[in-house]
Every structure is written in structure tokens, then in C-alpha cells.
Amino acid sequence: MFTGIIESIGNIGAIIRHNEDLSIVVNTNNLDISDVNIGDSIATNGVCLTVSKLLPSGYTADLSLETYKRTAFHSYRIGQEVNLEKAMLPTTRLGGHLVSGHVDGVGEVIEFKRNGRAINIWVAVPVQLKKYLSEKGSVTIDGISLTINAVYQNVIKLTIVPHTLAETNLVNINIDKKVNVEIDMMARYLEKLIKVDRYESEKTSNVSMDLERYGFIS
């Protein structure tokens, strides 16, 4: 689990293609990985990756073809800047919101405008995700915990404050940029609960109708 508070900006040092999957080398720059072990998780641009090898300059992680195709990683090249966050500890202050590192879809930056020292960006997200997004709700973009300012169909407006701009790769934002999108897990759990409640209610109603039809109740 992660918080969506970025600890460092790294970059992709190498992409190694195997028969059925890939490995990437991530240069961590100023991220302290002295407490990271092989098998630990690091959110890399919002994707939860498992460290397979530790290097003097960073780490190596494996990507399945599924992860490669379903995230913005398919558009990355060597040198691509990536937001980095180590897995949270029980003692970690939750400054953002709970983030799983399981990307729900790939969005695209369609517009951005300066707003004083901040920046407003508009991101088009996959249509199937729009039902999970609400004004003042949370969303994770490339691993960054952000608050949604407005929702227009499947487009969300976000304001990036100066500190977030300085500490993440959003400082180099551009039109058509592909971004990893993870919805707030609470929204997905709420949908599941509603579906279960609706199913149980319909099932109970159908049973009552059958009992009434056969004269067991009136």
C-alpha cells in the first residue's frame, strides 16, 4: 500500500524485453533505498512493482505483458521520468489517501493552464471509470494523490500546487501525455456493497413472491 505522496523522481535506465515479459531498470536518483530489500514494493509512476534486484543506482523490476499493455508503461522510453514512492509502513503518516498501485486505466492530458504558481490540468480518463469520480473526491495520477476539482463526463480537472509540481514529474506536463489512473478504492468498495445489497434485496423479493404464489404467505 502507498499514500500517493511522492518521495522522489527517478528515471528509466533500461528496458529489457524477454519472451513473455519485460524487466526495467529504474534509477532512483535521491530516493533512499538503503532500507529496501529484494521482494519489496515501490510504486513507479503509480504502478506497484516488486524489486527483483538492487543496484548502486536503483533497482530492477519485472513487468508482465499485461501490466505493460494496460498501463502507460507501453509508451515509455529510456530516460522517462517516473514518480517513486516506497511502500508505506504502519507508522507512516497518511498525507494523501490509500493507494494500491493497481492501475485502473490510462488517461490522457488534454489541456493545462497556469494558475498563478499552480497549474490546472484536464485529464480524459477511460469512460468506464467516470462513475467512480466525483468532485472533491480523490484520484491517483502517475502515483500522485490528487483532489478532483470538477468532473465533465469522463474529463477531470485537477489543480497541481507548487510543491507537488516541484516534487513530481508533473513539472514537465504536456498535452497528450499518457498517465496512469487509479480510482479511490473506497469508491470501488462502495459500488460492490451497493451491488451486493441490491442483489440480496432482489433475491429476498423473488423468494417472497414465490411463497405468496404457492399460498405459504399472503
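Any Cβ shown, glycine's included, is placed from N, Cα and C.
If you look up Swiss-Prot, you'll see 1-97 marked as repeat 'Lumazine-binding 1'.
Taken from Swiss-Prot, the feature 2,4-dihydroxypteridine 1 binding site applies to GLY4, ILE5, ILE6, SER145, LEU146, THR147, THR159, ILE160, VAL161, PRO162, HIS163, THR164. Reduced to three states, the DSSP call for GLY4 (2,4-dihydroxypteridine 1 binding site) is coil. Under a cutoff of 8 A between CB atoms, and with a sequence separation of 6+ in the same chain, the neighbours of GLY4 (2,4-dihydroxypteridine 1 binding site) are GLU85, GLY96, HIS97, VAL99, SER138, THR140, GLY143, ILE144, SER145, LEU146.
Annotation comment: Swiss-Prot describes CYS48, LEU49, THR50, ASP62, LEU63, SER64, LEU65, GLU66, THR67, GLY101, HIS102, VAL103, LYS136 as 2,4-dihydroxypteridine 2 binding site, evidence class similarity to another entry. DSSP gives THR67 (2,4-dihydroxypteridine 2 binding site) a helix state. Sequence-distant contacts of THR67 (2,4-dihydroxypteridine 2 binding site), defined as residues of its own chain at least six apart whose C-beta falls under 8 angstroms from its C-beta, comprise VAL47, PHE73.
Mean pLDDT of the predicted structure over the repeat 'Lumazine-binding 2' (98-194): 93. The feature repeat 'Lumazine-binding 2' is assigned by Swiss-Prot to 98-194.
A Cα-Cα distance of 34 Å separates HIS163 (2,4-dihydroxypteridine 1 binding site) from LEU65 (2,4-dihydroxypteridine 2 binding site). Less than 8 angstroms from the CB of VAL161 (2,4-dihydroxypteridine 1 binding site) sit ARG117, ALA118, each of them six or more residues away in the same chain.
Taking CA atoms as the reference points, LEU63 (2,4-dihydroxypteridine 2 binding site) and ILE6 (2,4-dihydroxypteridine 1 binding site) are 21 Å apart. Between the CA atoms of THR50 (2,4-dihydroxypteridine 2 binding site) and ILE6 (2,4-dihydroxypteridine 1 binding site) there is a gap of 17 Å, rounded to the nearest whole number. On a Cα basis, THR159 (2,4-dihydroxypteridine 1 binding site) lies 11 Å away from LYS136 (2,4-dihydroxypteridine 2 binding site).
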